[in-house]
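Trainee: My questions will all concern the structure given below.
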Ligand code: NIG
Ligand code: FE
């Protein structure tokens, strides 16, 4: 299949080092390397001296990068990027001492973004969301998960998921959609959470039939839903063969990690309050821990996720932006990696694996996240001297080119 004589390659980069992340540990460093791709797939990721001799293979565009590093494309596996408006006012309220849960109980928080999304048409929603997605891709993101969860009615959830798909089409970034109607209780269902879950379960197959749903999520929390309610949503997902993930144990230990692991969930996300039993359940199920240091940072949280326990039990850790208007208005996955190192003490290597191979796994994607022949040609060229710099700089523009499926997107 990867016969170099079959057709000329579409591109070849030389004069560069690779961090392939191929193998269980280390960056998979290759100096004086070459990366070649054809028809959206990597055909060579290794030493330049190991390139095939056949000149036909090399007749595509050959780029001498003149230094720097290439990593796999970054995978942002947890975002709420499609929304309308902003919540800068709540940020100011919180700085004056008001709590996130307090604001939510007073009708602000997620509910205020729900009001903004319900009154925005599809084109307006797209127009507001595209610049955020562009910021992420410009900083290296080639696969982007986007959740619904600010419509909380059939049409609003559908509109969000449609916009998420359109973001992918417009920017060439691979988008995975997640149905998160069980994010908050809409006002028209006040005091009737179980009836709302009935509706959430009824909308799911209809949206799935339109090809709008790749995975299903819920928010188990004092200000969200109970574990029993999330279980009902997961059962509906399972009936359709859809994978599940969960906003778990963010503000309190609600048993979320064990719940989602019990459904062979792809990931448990946030997990600051996850206890030992939850970690063990995740390890047994192969559920990824998605760390969201942006929300931790913005909410000025102090309870750290059980990173050591994840290491000891071999639970893969991913890192994502959680880009959303309330807890994490974060528009750079590289910045999230930086925060994961400074706040959660991940090593830069763990953070990079967390934003590539482990993040891909948190989306159920096995065809990306490392540089290896046969994988999708998703890769980023960075103007850096060593990989740890990706977690070192705060801000700035380090990505010099970003390719998704072999196509340059930034
Ligand atoms: O991941 N925790 C719940 N959901 C989001 C926040 C959503 C919002 O505040 O708008 C999160 O932090
Ligand atoms: Fe989230």
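Cβ atoms here come from the backbone N, Cα and C positions, even for glycine.
Automatic prediction, not curation, is the source of TrEMBL annotations.
Predicted, not measured: the structure shown is a model, and the values here were computed from it.
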Trainee: For the N-formimidoyl-L-glutamate site that TrEMBL describes with 324, 326, which of these is also annotated: 150, 179?
Mentor: 150
Trainee: According to TrEMBL, 150, 183, 250, 327 bind 4-imidazolone-5-propanoate; which one of 87, 376, 386, 407 is listed for that same site?
Mentor: 87
Trainee: The Fe(3+) site in TrEMBL includes 78, 80, 247. Which of 322, 367, 378 is also listed there?
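Mentor: Of the residues offered, the record points to 322.
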Trainee: Report the binding-site residues (87, 150, 322) that meet this criterion: Cβ distance to the nearest atom of ligand 2 under 6 Å. Use sequence order and write none if nothing qualifies.
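Mentor: Listed by sequence, the hits are 322.
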Trainee: So which of the binding-site residues 87, 150, 324 sit close to ligand 1, that is, with a CB under 6 Å from an atom of it?
Mentor: 324
Trainee: Applying a 10 Å Cβ distance cut-off over all chains shown, what neighbour count does residue 250 (4-imidazolone-5-propanoate binding site) have?
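Mentor: There are 29 of them.
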Trainee: If we count other C-beta atoms within 10 Å, could you say which of the binding-site residues 78, 80, 87, 183, 247 has the fewest?
Mentor: 87
Trainee: For the N-formimidoyl-L-glutamate site given as 150, 324, 326, which other residues of the same chain have their Cβ within 8 Å of the site's Cβ centre?
Mentor: 80, 83, 87, 110, 113, 149, 325, 327
Trainee: Relative to the Cα of residue 150 (4-imidazolone-5-propanoate binding site), which of the binding-site residues 78, 322, 326 have a Cα no more than 10 Å away?
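Mentor: Close binding-site residues: none.
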